[in-house]
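Features reported for this protein in Swiss-Prot:
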type     : residues      : note
SIGNAL   : 1-25          : signal peptide
DOMAIN   : 42-97         : domain 'Ig-like C2-type 1'
DISULFID : Cys49-Cys95   : disulfide bond
DOMAIN   : 137-197       : domain 'Ig-like C2-type 2'
DISULFID : Cys144-Cys195 : disulfide bond
CARBOHYD : Asn179        : N-linked glycosylation site
DOMAIN   : 237-295       : domain 'Ig-like C2-type 3'
CARBOHYD : Asn239        : N-linked glycosylation site
DISULFID : Cys244-Cys293 : disulfide bond
CARBOHYD : Asn273        : N-linked glycosylation site
TRANSMEM : 323-343       : transmembrane segment
TOPO_DOM : 344-410       : topological domain 'Cytoplasmic'
Amino acid sequence: MSLMVVSMACVGFFLLEGPWPHVGGQDKPFLSAWPGTVVSEGQHVTLQCRSRLGFNEFSLSKEDGMPVPELYNRIFRNSFLMGPVTPAHAGTYRCCSSHPHSPTGWSAPSNPVVIMVTGVHRKPSLLAHPGPLVKSGETVILQCWSDVRFERFLLHREGITEDPLRLVGQLHDAGSQVNYSMGPMTPALAGTYRCFGSVTHLPYELSAPSDPLDIVVVGLYGKPSLSAQPGPTVQAGENVTLSCSSRSLFDIYHLSREAEAGELRLTAVLRVNGTFQANFPLGPVTHGGNYRCFGSFRALPHAWSDPSDPLPVSVTGNSRHLHVLIGTSVVIIPFAILLFFLLHRWCANKKNAVVMDQEPAGNRTVNREDSDEQDPQEVTYAQLNHCVFTQRKITRPSQRPKTPPTDTSV
């Protein structure tokens, strides 16, 4: 059966719905997308059509956008794996399940499911003001911005199947942005967020997702304690260990430094004194700062305790001088080794060249006895001429023979 026939059957249902009140309403199927309606270009998505009456045959139709050839002349059972998706797959889908009690043989159309394809434009940026750690009951502003002039933005939280939140972008010369105020903050609102951008004439073709932004609600549990070993004052270049502990049964501890976005995370360990503790090794330390730690549970990774009291870590010594010294050493030492190696090779090559340039033995007449007498008295001097080492044999004037050597050549 062609898609056109199935679509006409679905439309025909509405024309005949009056005489058939028992068909439709609660009998219409339910269409869902797994793992979600936001799909990266090149990935797959499963469309599943469920009927309350247990019928497992269904057809799919796409209401807008470009047609999808793989839907034509197809009757599906239970589910349909669609992909690798392209921008052509973006749009609104419905399904009709087989229905023997309907005059058309098909149920009413299902709920609409909008498939949005990401990766069509470059990604925007997502920020949180005043920051991603939000006290319970307070408000945070999520700002999505881009140098592309997007008329629409979508805000999506990972792990939920609901459609992304659609927001109207504010255009300006440098691009576009949108601000979304979220609160009062509760654990239900915390999570990992991403945003997307789109243009008006292609609303379901989205940009690549922004980098993930973790929104954390803090202040739900009692604060842990933070200490430094061997102490909060550290010599530049040395190591320090920050210990976060509590009698609460926290699974994970988080360590953060003021004015920094990132955080360190370690699993809590039960100590003999009955506390749950995590030790964060830091170093070599070059800069100080105020540190805090938080506790959380694995079941609620975005719900943290109150922060510990701030622990100021100070660094003594000239850290800048330490950096300069280390950097200079890294440059000078390899250069000195290379220079020594090249100079050694140069001298060896020069010495070989001097030996090769000596006169052949046949052109010189040397008395063996005279030569033997002169050898211990010969002195080798190294002369530096224009940074080049040459060797010369010089006979001391006081030791020169008074009579020329006898010519023994024939």
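Here the Cβ of each residue, glycine as well, is placed from N, Cα and C on the backbone.
When the glycosylation sites Asn179, Asn239, Asn273 are compared by the number of other C-beta atoms lying within 10 angstroms of their own C-beta, Asn273 comes out lowest.
Note on proximity: among Asn239, Cys244, Asn273, the recorded positions of the record, the Cα nearest Cys95 (disulfide bond) is that of Cys244. Counting in whole angstrom, Asn179 (N-linked glycosylation site) lies 36 from Cys49 (disulfide bond) by their C-alpha atoms. Closest by Cα distance to Cys195 (disulfide bond), from the recorded positions Cys49, Asn239, Asn273, is Cys49. For the recorded site, Asn273 (N-linked glycosylation site), the DSSP three-state label reads coil.
Using a 10 Å radius centred on the Cβ of Cys95 (disulfide bond) and all shown protein chains, the other Cβ atoms total 28.
Cys49 (disulfide bond) sits 56 Å from Asn273 (N-linked glycosylation site), taking the C-alpha atoms as the reference points.
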